[in-house]
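Chemist: Under the heading compositional bias 'Basic residues', TrEMBL lists 48-64. Annotation source TrEMBL lists compositional bias 'Polar residues' at 268-279, 420-431. What TrEMBL records for 104-401 is domain 'Band 3 cytoplasmic'. Positions annotated as domain 'Bicarbonate transporter-like transmembrane' by TrEMBL: 449-1008. If you look up TrEMBL, you'll see 1-28, 42-87, 239-279, 399-446 marked as region 'Disordered'. Per TrEMBL, the feature transmembrane segment maps to 478-500, 512-535, 555-579, 591-609, 693-711, 731-749, 779-798, 819-843, 879-898, 905-924, 948-968.
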């Protein structure tokens, strides 16, 4: 029993060597191949096993040899299972209170005996954190990380080694000398090693270790790395110190690395004195230490050829606790496992492959856990057998074993190997989990109480209020603020300019800036999902135009009627919040989400290109010029051929007459102001040809797009350290804007620039910052305005909630949850405030919100060499939104700096946001399948379970809906666009008649069932759960009885 052994006595398992000390190694290879674990049930009675248990406790004072034989007998009587997988699942499923057996991350090192300059030493030849790295033949560099490829023969040999070698579990030792002595004692006692070879084996084991980092001068430079104490420290160190003292001898609190021996000069059995000096950090690869996760432990594999052994000797050791063995490992982390194999000359490559197999096994997630929790040799063999069950064999004639396989981008999860199958039958592998398919989380569950959903949202978000601000103090968040500020400025100002034209300056750019800043800051502070970015939408602009035209035709005050409609809309949105109407969002599946998101992304791309084309009208180019006649081209201003009354009013207003105007001396702007005409071969319809500006704008536009895309992907390149690459990637768009502004300034071509208002006051002098809801309008307009408010409510609700659904996707791995009801409440309140103040209305902007989320992605920082950083989630916080809209409000006072930003650069940013937001939309992946032959189609999961023609039908329906939405969006009926988006939900419901539930579960999310059907399914599910728990209880009780016996 492990916990009854003294500190320097390990649990010894001699295996078959105790009865067969002179086994033939080659013969055992074949025998081990036939001895694969098959789980034969041994008919042992429960009573005999109970008597055996009492006998062990009654005679615990017997000799060690009897204890070992009892353990062997107990091992034979251990419960058997049908497959090695079940055995492993049983081992991993045991709950052990012993924190020393809690698995940790492992660094594995392979050392081989080699002769250099006449002296023998252990030389590091390979290492593993996640993937294998070999020392190249030149000996001066590490290879690229690659997926280890093993021969099946070496795996069977390794199994034979564990079966017949020495296994010592939970050894307590303080130094490599202690480990060597205990291993050799065990080998001699079991007959695996003759006593005469003890000194030579001990000397070989204690040879000096030479590591690859000692050859590199770069590792001697003082680099900024985290504390060594943090790297070598275990997660359970405080708990272990309460029971067994310090975890690593000599590993002081101050971070210094001591040699780890009880005495400074410890005299070994051979008479050699071992110095207890500190670790020489100049021989440690500090760059590699960054890759080692905190709490990691080491697994050392030692293999080599010697000239004094007649047959191989093998030992597998697990230390408890892990011990820092100075000089044994390349990096100063405590050693937990040690595998030793020494054999006669002539089989060096064979020993090398066995060592690689052992090291690769230790990096396997399942065997790694088994090695930590194994109680005896049989558990280790079960782990190897389970690994062999999962191995894929490649035929030797169909691939080149010398090819190094690149590490995959995504490593599949090994959870299924750990989880036992259900007793009442395995689930169908072709059915996805319905819990995962049901994207309606707790945020969308109807409470049945007034404001019940809102109360839940507040309770859900309240605990994260402080962290919502502290989590924003990251360099990545600063990059996101600068990017989104530049991205939000232009559309807000452009929207304000369009509103100014449509409403005759009642609402213009300054109102748009102020409204966006006020609404955005309030939303970021109080909303349930602060990652959402608010912006202006096309349907709102169309509604404003229609409303202003109506007020002009019927002599009403536009701002007052607009305030009434806005207040009614805010009230109706609050009613929706009170009745938990946001729970209806669960009917918005991926089908609707992707159609809406794809449309908005396409609109962004289209409008960016359209704005670039419109620059050709403002800055025309002479397409019929002759280079030989450039000296003859000219363009002058002349008086209009026909003077209209409007022209005369302009002249009178400026104090000019037809005779007093020097037409041929006017510049372009004065000529346009006085309604003059341009005459000459270098003139276009709207003025002189300006060739440089248009072409320079095209260069700025596309350079901004490509440079932003290039810098965003820079973190995947191989240049510069990881931190530099990540920083460049985070600041990609901002760096691009700065570079393009600098280049534009140096070139000096007068490209169109961002025009920001420079005074904080209403655009129109006939209005203030507060608007009366009635003013001179008839009283009945207050009541009648509820009718257009209904349309506005649908518009606000659909725009806001569809974007919220996209942001709250489970793919984003959000930890703090959303708040649909709270979001809608904040938008409603701010809509009412903006209506009273005469400011534009703002709702969730899809593309800006997706760009905000993408800019805050968090990936694993401490990744093993060759391992791709894992997506961990989104940095959820409120600070970026607050700063973005605060800067937007302060833009009035930054006009002197913002006037240098060329508009084509901002158009290029729009194009980048639209294209980057399309990534990850399954709809576009399915569109590309139309042009792909079947043999070239990617291995998409839905193609495995849904016929290709049905995938095409589903895509065609979605594409048809997208085209109809585009037609409506581009027509004069765009004000009903939200209604058409709502119609997509009903189109998706009709697809249930053509596709099966299983097919839709792969292509889309499942829509909620009716209440009656849901209750019936819940009853059946509860009945199955009761039956399942009864079977599990019986099974667990049987296992517990067997294990106790």
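Every residue gets a Cβ built from N, Cα and C, even glycine.
TrEMBL labels come from automatic prediction, so no person has curated them.
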Chemist: Flag the pair the transmembrane segment (879-898) / the transmembrane segment (478-500) as in contact if three or more Cβ pairs fall under 8 Å (sequence separation 6 or more).
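Modeler: As far as Cβ distances go (cut-off 8 Å, pairs 6 or more apart), the transmembrane segment (879-898) and the transmembrane segment (478-500) touch.
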Chemist: Who are the long-range neighbours of the transmembrane segment (512-535) in its own chain, taking Cβ under 8 Å and residues 6 or more past its ends?
Modeler: 443, 457, 460-461, 468, 484, 488, 491-493, 495-496, 499, 756-757, 760, 803-804, 807-808, 817-823, 826-827, 829-830, 833-834, 837, 839-845, 848-849, 851-853, 856, 874, 876-878, 880-882, 884-886, 888-889, 891-892
Chemist: Between the transmembrane segment (591-609) and the transmembrane segment (731-749), do 3 or more CB pairs sit under 8 angstroms, pairs being 6 or more residues apart?
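Modeler: They are not in contact.
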Chemist: Verify whether three or more Cβ pairs under 8 angstroms connect the transmembrane segment (779-798) with the transmembrane segment (555-579), leaving out any pair fewer than 6 apart in sequence.
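Modeler: With 3 or more qualifying Cβ pairs, these stretches touch.
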Chemist: In the same chain, which residue numbers or ranges, 6 or more beyond the ends of the transmembrane segment (478-500), come under 8 angstroms Cβ to Cβ?
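Modeler: The answer is 506-513, 516, 533, 535-536, 541, 544, 727, 730-734, 737, 754-756, 763, 840, 848, 851-852, 855-856, 880, 883-885, 887-888, 891, 898, 901, 903, 906-907, 909-910, 913.
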Chemist: Of the listed stretches (779-798, 905-924, 948-968), which one yields the highest count of Cβ-Cβ distances below 8 Å with the transmembrane segment (693-711)?
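Modeler: Selected stretch: 905-924, with the most Cβ pairs under 8 Å.
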